[in-house]
Amino acid sequence: MSLPDIHRVQSFFLSLQDSICHAIENIDQKATFQQDNWQREAGGGGRTRMLTQGAIFEQAGVNFSHVYGDALPASATAHRPELSGRRFQAMGVSLVIHPLNPYIPTSHANVRFFIAEKEGEDPVWWFGGGFDLTPYYGFEEDVIHWHKVAKSVCDPFSQDYYARYKKWCDDYFYLKHRNEPRGVGGLFFDDLNTPDFDHCFEFVQHVGQGYLDAYLPIVEKRKSIPWGERERQFQLYRRGRYVEFNLVWDRGTLFGLQSGGRTESILMSMPPLVRFAYDYRPEPNTPEAKLYTDFLIHKEWV
């Protein structure tokens, strides 16, 4: 059985951050990422990259972090008592892209690696990650393309990965207090450590690289659609759901804040502008209403 190689994982994560930032800058043509290197007092650090006020992207955050410590926070050991008393390392790349044009969806991707070690015992390790899409105005062909790429990433590794991780994504990115999916899903997986390290690491590399294949063609197709105040106001309203999910339900946000992570980097996923409206309901049969009836539903897209 192949042993975990932390240095290989870190090298891939750093190069993935580079390639995604380069691709986003290339398509935006106006704004560039600003890098913020940071250190964590309790151990580790990272590099946060933010692009703001671009021609295509209102805000894009692509974060690499590598944190370590002698003991895990409560959020990590609550479901895994076997991790108590182990030193840990957690590293990953996390990104959220908020476009300016409401016809381009928001996208999120994440790949991460976790290892907990104790003298005289085998390490406990796993990978997690995925990518998901949050449209404001739905286009069926875009969602089908997104899920086709997700399936093509999974199929070489296991014929049941796509169905399993698609369902996990639908279940995870769900606002229980709204009884509503956050978007149209994609892939989400966690605790991946079988059959061995090499298999899992190769899959995670495919997920990380597959994100751009899934997202950029949608951006190219929708970036020139004209939009006005009506579309902008709906986009700002729907962005509120992103805020609600991240602050109420997201385990990564909770883990980051509880483990003494860097707050600015953890909350970089927040949209730059948001609008909340009391008891808003879209007019029936409008494009806004169709988002709810045709897209924010559990559906097999491919």
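Heads up, the Cβ atoms here are built off N, Cα and C, so glycines get one too.
In the three-state DSSP scheme, His108 (active site, proton donor) is classed as strand. For His108 (active site, proton donor), applying a Cβ distance below 8 Å and a minimum sequence separation of six or more within one chain yields Leu95, Val96, Ile97, Phe131, Asp132, Thr134, Ser269. Look at Swiss-Prot and you will find His108 tagged as active site, proton donor, backed by sequence analysis.
Swiss-Prot lists Ser94, Asn110, Val111, Arg112, Gly260, Gly261, Arg262 with the feature substrate binding site. Other C-beta atoms found within 10 angstroms of the C-beta of Arg262 (substrate binding site) number 22, with every protein chain shown included.
In sequence order, Lys166, Gly185, Gly186, Trp301, Val302 constitute the residues six or more apart from His147 (divalent metal cation binding site) in its chain with CB-CB distances below 8 Å. The divalent metal cation binding site annotation in Swiss-Prot covers His98, His108, His147, His177.
If you look up Swiss-Prot, you'll see 242-277 marked as region 'Important for dimerization'. Panel annotation: around the region 'Important for dimerization' (242-277), residues 36, 38, 40-42, 46, 48, 50, 52, 58-59, 61, 63, 65, 67, 69, 72-76, 90, 94, 96, 98, 106, 108, 110, 134, 173-178, 182, 233, 236 of the same chain, lying at least six beyond its termini, place a Cβ under 8 Å from a Cβ of the stretch.
Sequence annotations record features per position, and here Swiss-Prot assigns site 'Important for dimerization' to His177. Mapped onto three states, the DSSP output places His177 (divalent metal cation binding site) in coil.
The most crowded of the binding-site residues listed here (Gly260, Gly261) is Gly261, judged by how many other CB atoms sit within 10 Å of its own CB. The CA atom of Gly260 (substrate binding site) is located 26 Å away from the CA atom of His98 (divalent metal cation binding site). Taken together, the residues of the region 'Important for dimerization' (242-277) have an average pLDDT of 89. In the three-state DSSP scheme, Gly260 (substrate binding site) falls into the coil class. Ser94 (substrate binding site) sits 25 Å from His177 (divalent metal cation binding site), taking the CA atoms of both as reference points. Ranking the binding-site residues Ser94, Asn110 by how many other Cβ atoms lie within 10 angstroms of each Cβ puts Asn110 at the bottom.
A straight line from the CA of Arg112 (substrate binding site) to the CA of His177 (divalent metal cation binding site) spans 27 Å.
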